[in-house]
Every structure is written in C-alpha cells, then in structure tokens.
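> Below: one structure in structure tokens.
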Amino acid sequence: MSLRKIIHIDCDCFYAAIEMRDDPRLAGRPMAVGGQPGQRGVIATCNYEARAYGVRSAMASGHALKLCPDLEIVKPRFEAYREASRDIHTIFRDYTDLIEPLSLDEAYLDVTDSQWFAGSATRIAEDIRRRVAQQLHITVSAGVAPNKFLAKIASDWRKPNGLFVITPDQVEEFVAQLPVARLHGVGKVTADKLARLGIDTCHALRDWPRLALVREFGSFGERLWGLARGIDERAVQNDSRRQSVSVENTYDHDLPDLNSCLEKLPELLSSLNERIARMDSSYRPDKPFVKVKFHDFSQTTMEQAGAGRDLESYRQLLSQAFARGGKPVRLLGVGVRLRDLRGAHEQLELFGDI
C-alpha cells in the first residue's frame with residue numbers, strides 16, 4: 001500500500017456561510033438557502049442553527065418551515081458561490097497542483113510531494129483553514145490521512161470548523177471501530193445486507209474472507225475487503241481543465257517600494273508568455289491579473305476584464321494592487337485567466353451535503 005498525504009477540505013454549510021458573511025443580519029438565527037415553499041421549493045443547505053430544528057438539505061421548504069417556523073429562506077446566488085470557490089482553489093494551488101474538486105465546496109488535495117512546512121500535511125491543512133477564514137471569512141473542515149477514503153471521513157470527524165488527522169500507524173485501529181455504513185460506496189441496501197449478515201463494524205467485516213465477500217457482493221466484495229483494512233488506492237484525479245496560468249516569485253529580500261516591484265515585471269512576463277506558448281489551442285488567454293503578497297503575508301489580487309497582456313497593462317494592475325497595501329513586498333505573481341474553448345461548464349451540486 002503506497003503512503004500518500006491526502007487532505008480533504010469541506011466547507012461548512014457553504015452556501016449558507018456565504019449568505020451569512022454577506023448579510024450579517026442572518027448570522028446567529030435559523031436560515032437556509034433554497035426555494036420558497038409556495039413554489040414547491042427545496043432546501044439546498046442550511047446553517048447549524050436550522051439543523052438544530054431538524055432542517056436538512058433536500059428537504060421540502062414547506063416541511064422545513066413546519067419544523068422551524070422562524071426559518072428564513074433566501075434565494076441562492078450561484079455566482080457568489082462560484083466566486084468563493086474559485087478563491088478557495090486559488091489558495092489550494094499555492095500548496096499543490098494535485099486537486100480533485102468534488103463540488104464547489106469540497107475537494108481532495110494530494111500534498112505528498114509538497115515542500116510547504118517541510119512536507120507536513122497537517123500544517124498545510126492548518127494553514128489552508130487559517131487562510132480561508134482570514135481571506136473569505138468562512139470556515140472549512142479538514143481531514144488528513146494516507147488515502148481519500150480516510151481523509152473524507154476525517155474531515156467530518158470534527159465538523160464544523162475542525163481538523164482531524166489519521167496517521168498511517170493509526171489506520172488499523174481507527175478503521176476497526178468504524179460502522180460499515182461509513183464506508184465509501186456503502187448505501188442503504190448494502191448496509192442492510194451487511195447487518196443481516198451480522199456485520200456492523202469494520203472489525204467484524206475483517207473476519208470475512210475475501211472470496212466470501214465476493215460471493216455475497218460481487219466485485220464490490222473486493223472493495224469491502226480493502227476498505228475494512230483502510231486500503232484505498234484511488235489517486236487524486238487532477239482537474240484537467242485549467243482556469244488560469246501564472247508565474248510568481250518569492251524574493252530573498254522584500255521589495256521596498258512600487259518602483260522596485262515594477263522592475264521585476266519584464267522577467268515575470270517573459271516566463272508567463274513562455275508558459276502560455278506551451279498551452280494547447282483549446283485555451284484562450286482572457287483577463288490578466290497580478291498577485292502581491294506583502295511582507296506581513298497579507299495579499300491581494302488585481303485583475304481587469306478587457307485589459308491587454310502587454311507590459312503597460314500589467315504595470316497599471318500592479319500599481320493598483322500595490323496601492324492596496326503600500327508595504328514592502330515579498331512575493332509577486334502575474335497571470336492570465338483562461339477561456340475554455342471546448343465549452344466545458346462547471347456543475348453545481350445543489351443537493352449535495354453542503
């Protein structure tokens with residue numbers, strides 16, 4: 001079994017969190033995102049105050065209001081959720097390019113080869129949580145484990161706003177006490193069949209030989225045998241369609257002022273243009289952007305639709321970005337958003353566990 005470092009990030013009640021962030025009046029009271037009851041609406045997600053009344057995702061809005069008469073239901077704002085998701089993925093890409101999005105609010109990261117924090121996946125997860133809270137003003141839960149199956153379980157272990165780590169030496173004991181219903185791919189039908197066979201935990205499942213499980217469950221029996229032992233060889237499937245291309249550099253000595261930053265632009269743009277030239281023809285460069293990280297680790301990104309990709313356009317963007325902080329700079333980045341000419345579109349998982 002290969003040893004990898006996998007992080008599963010799951011935003012806490014994502015749609016609701018964005019609404020409460022943008023409208024503080026909603027915070028601290030039961031609220032949900034979804035359709036109105038008079039229109040046969042359905043709850044997309046709700047905050048934890050509403051969950052205390054039994055309100056859940058995919059519940060009819062009318063039923064939710066019966067459970068919680070004071071529930072405030074707001075219309076979804078999908079573009080706001082997409083924008084927040086893009087910002088979160090920008091943070092992810094600082095640590096690894098191996099990112100598998102599951103929905104707007106959930107993703108796997110493979111940080112096995114990351115050099116951040118001397119390769120500590122736990123510290124990377126902590127830093128991601130800190131940066132999301134600081135920059136987006138919402139919380140995420142994180143799970144760290146040697147594989148995807150365990151990382152996803154771990155992220156749910158201390159929700160909301162939690163971090164749980166399963167180290168390789170803890171896998172066998174941790175998995176043994178797991179209910180079989182928590183296993184990846186085990187739905188109600190399979191869970192009921194396992195219960196009829198007297199199998200309620202992974203410890204009990206381990207008593208069954210591999211061939212016996214295959215006889216009972218077909219090819220999924222092989223999967224059950226492995227999961228009961230904490231084995232999951234699925235790789236993080238990187239998102240093959242890029243949203244941007246960029247280059248950045250962290251300087252040994254902080255750049256003290258705007259002019260010293262502007263002097264670095266030609267070299268950065270030369271590297272960026274080399275990367276763009278290597279891309280296939282299914283992408284078209286779109287909006288240019290610059291990224292500035294100041295000496296105190298605060299950062300800002302400036303982009304402009306319709307601007308050119310020439311040196312003067314980037315000089316203007318950098319000048320505007322620098323003005324937001326006006327402090328010595330430790331990192332500069334330049335890039336361009338990409339338009340996917342294949343027409344790929346992002347799917348919203350409205351009724352997922354969000």
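The backbone N, Cα and C atoms fix where each Cβ goes, and this holds for glycine too.
Keep in mind the model is a prediction, meaning the values are calculated, not measured.
Relevant sequence annotations retrieved from Swiss-Prot are reproduced here:
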DOMAIN    6-187  domain 'UmuC'
BINDING   ASP10, ASP105  Mg(2+) binding site
SITE      TYR15  site 'Substrate discrimination'
ACT_SITE  GLU106  active site
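Map these features onto the structure and tell me what's around them.
ASP10 (Mg(2+) binding site) falls within a strand segment according to DSSP.
The Cβ neighbour count for TYR15 (site 'Substrate discrimination'), using a 10 Å radius and every protein chain shown, is 28. In the three-state DSSP scheme, TYR15 (site 'Substrate discrimination') is classed as helix.
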> Under DSSP, is ASP105 (Mg(2+) binding site) part of a helix or a strand, or is it coil?
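The three-state answer is coil.
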> Provide, as an integer number of angstrom, the distance between the C-alpha atoms of GLU106 (active site) and TYR15 (site 'Substrate discrimination').
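Per the Cα atoms, GLU106 (active site) and TYR15 (site 'Substrate discrimination') stand 12 Å apart.
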> What's the CA to CA span in angstrom from TYR15 (site 'Substrate discrimination') over to ASP105 (Mg(2+) binding site)?
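Distance (Cα to Cα, whole Å): 9 Å.
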> For ASP105 (Mg(2+) binding site), list the number of other Cβ atoms lying within 10 Å of its Cβ atom.
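Excluding its own Cβ, ASP105 (Mg(2+) binding site) sees 26 Cβ atoms within 10 Å.
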> Counting only residues 6+ apart in the same chain, whose Cβ is under 8 Å from the Cβ of ASP10 (Mg(2+) binding site)?
ASP105, GLU106, VAL140, SER141, ALA142, GLY143, SER155, ASP156, LYS159
> Test of understanding: give the count of other CB atoms lying within 10 angstroms of the CB of GLU106 (active site).
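Here the count is 22.
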